[in-house]
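If you look up TrEMBL, you'll see Leu132, Thr133, Phe160, Pro161, Ser162, Asp163, Asp246, His249, Tyr271, Trp312, Asn340 marked as pyridoxal 5'-phosphate binding site. Taken from TrEMBL, the feature domain 'Aminotransferase class V' covers 191-333. Marked as N6-(pyridoxal phosphate)lysine by TrEMBL: Lys272.
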Amino acid sequence: MVTFEGVTDYGRDYAMHLDNQDRLGHLRKEFIIPTKADLKSKTLAHLASNSEDGDQPCIYFCGNSLGLQPRRTSERITSHLISWAKKGVYGHFTPHEDTNLPPYLHVDDLAARLMAPLVGALPEEVAVMQTLTANLHLMMASFYRPTRSKFKIILEGKAFPSDHYAVESQIRHHGFDPKEAMILIEPESSESPTISTSHIQSMIADHASSTALILLPGVQYYTGQYLDIERITAYAHDLDLLIGWDLAHAVGNVPLQLDEWNVDFAVWCNYKYVNSGPGVIGGLFVHSRHGEVESSTRRKGSAAFRPRLSGWWGGDKSIRFEMGSEFVPRPGAAGFQLSNPSALDLTAIIASLEIFALTSMVAMRNKSISLTGYLEDLLLHAPATATYDNDCLPYQIITPSKSGERGAQLSLLLKPGLLENVMKALEDVGVVVDERKPNVIRVAPAPLYNTFTEVWDFVHIFVAACLKAQMGESNGSQEVMAFKGQKEKGWAQIK
Ligand SMILES: Cc1ncc(COP(=O)(O)O)c(C=O)c1O
């Protein structure tokens, strides 16, 4: 049985103490935290009435999937709707004194400016546009230019399916065989699903002479592993290879320095840690060296720029409405845009980015490291029950244990057969996490709106749910009661 030597306190009071000291704690009120009743309600009418009154908030640890709604989002969107309703097409050009929302023509530039600090980029290296998979295709159209001898794309074997499909289809599109051209990096050991930097490097080295592009995740969606973007990018460049990053789980989660790290390109979505709403448009980064447009040739008929799939919104803004048929891109990432973007989407993104501007990625990361570290610590000490000890936990944390190698998320691999019942038990009491079948639960406390007390409560509920699922309803309920009794005492006293 585990003991707690050297540990000051595992009680709930300690979690509350951590919340009191939390310098970002005030940001929680910027978000609408669904209540337990909200989650159960079958009607929107109930939700529209002020359902937060007197109702308990749920524990929402699913910002890795869909971030919560900022309170200011509806206010900003209402402003946008008013301008559209009252100005019609003039809304494209007309600024209003009492809102920071620019006319629709320029709203993409504001979104890129606000997004740049999240990814460590110059504003002109960022475009807020399209969706992640579409952006991936657009980037590959520009950066995957295979030849007979250099045609491979290196990616991870357990890449998010959309990335896998996008890569496979690009390879076929260029007339190559995915069996030869897709180089899949698998974990080096069956004991762990994570991939070491040295293993990635050796795979890159093995295929360097025939590789046209590398695509990797910043934070891996399944394991939560945070890859060493800077080192791997430098390694690829030493071998003269281009490298792009899928930052779906990294943006708004870990501080990034894409410009300084010399990343060639990156793509991401804004509905996870960027809290901008389901399916909202995504973003991309193109390093300034790839976004250049030779100034001497601009407007002269033979502009020199990186090849790409083009659309009018990527064209030189100063001549956009001259409606010429020669495409001259805007310099930078904006020159990769295709269509005029949804001002509605951009408004939601701007509302959320205003909250990020109230703090910094470094401050958020500091809190995130503490919050996720606390979660890990409690999960590993959870055996302090009548049933479990450290050696027979019904779950294993498959996310790296070093804070520098992970973001907010911990992925918990449950013993076979537990997932469904555990998820049901969590849902019943208003705890929101997500599952990856057959046996993984992803738990992601977000530093902008989650608290240490929620982490403490989650672990207790989760362990009780595991006990119940493991022992079956009849025996389990007794165990859960015993566990609940311990909860009152705090874990420091449980030996
Ligand atoms: C890692 C990763 N890549 C790609 C995608 C696909 O994103 P989208 O549907 O916005 O194209 C997701 C979606 O969750 C993801 O998590």
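Please read every residue number as a count from 1 along the shown chain.
Placed from the backbone N, Cα and C atoms, the Cβ positions cover glycine too.
As the structure is a computational prediction, the values presented were derived from the model and not from experiment.
The 10 Å shell around the Cβ of Leu132 (pyridoxal 5'-phosphate binding site) contains 23 further Cβ atoms across the protein chains shown. Reported as a whole number, the C-alpha separation between Ser162 (pyridoxal 5'-phosphate binding site) and Lys272 (N6-(pyridoxal phosphate)lysine) equals 16 Å. In this entry, Leu132, Thr133, Phe160, Pro161, Ser162, Asp163, Asp246, His249, Tyr271, Trp312, Asn340 make up the residues listed for pyridoxal 5'-phosphate, with the farthest two CA atoms of the set 31 Å from each other. Counting every protein chain shown, 14 other Cβ atoms lie within 10 Å of the Cβ of Ser162 (pyridoxal 5'-phosphate binding site). Each of the binding-site residues Phe160, Tyr271 was scored by the other Cβ atoms within 10 Å of its Cβ; the lowest score goes to Phe160. In the vicinity of ligand 1, defined as a Cβ distance under 6 Å, the following of the recorded positions Asp246, Tyr271, Lys272, Asn340 are placed: Asp246.
A Cα-Cα distance of 12 Å separates Leu132 (pyridoxal 5'-phosphate binding site) from Lys272 (N6-(pyridoxal phosphate)lysine). Model confidence over the domain 'Aminotransferase class V' (191-333) is summarised by a mean pLDDT of 94. If you draw a 10 Å sphere around the CB of the residue listed as 'N6-(pyridoxal phosphate)lysine', it holds 26 other CB atoms from the protein chains shown. Comparing the binding-site residues Asp246, Asn340 by how many other C-beta atoms lie within 10 angstroms of each C-beta, the top residue is Asp246.
DSSP labels the residues of the domain 'Aminotransferase class V' (191-333) in these numbers: 40 helix, 27 strand, 76 coil.
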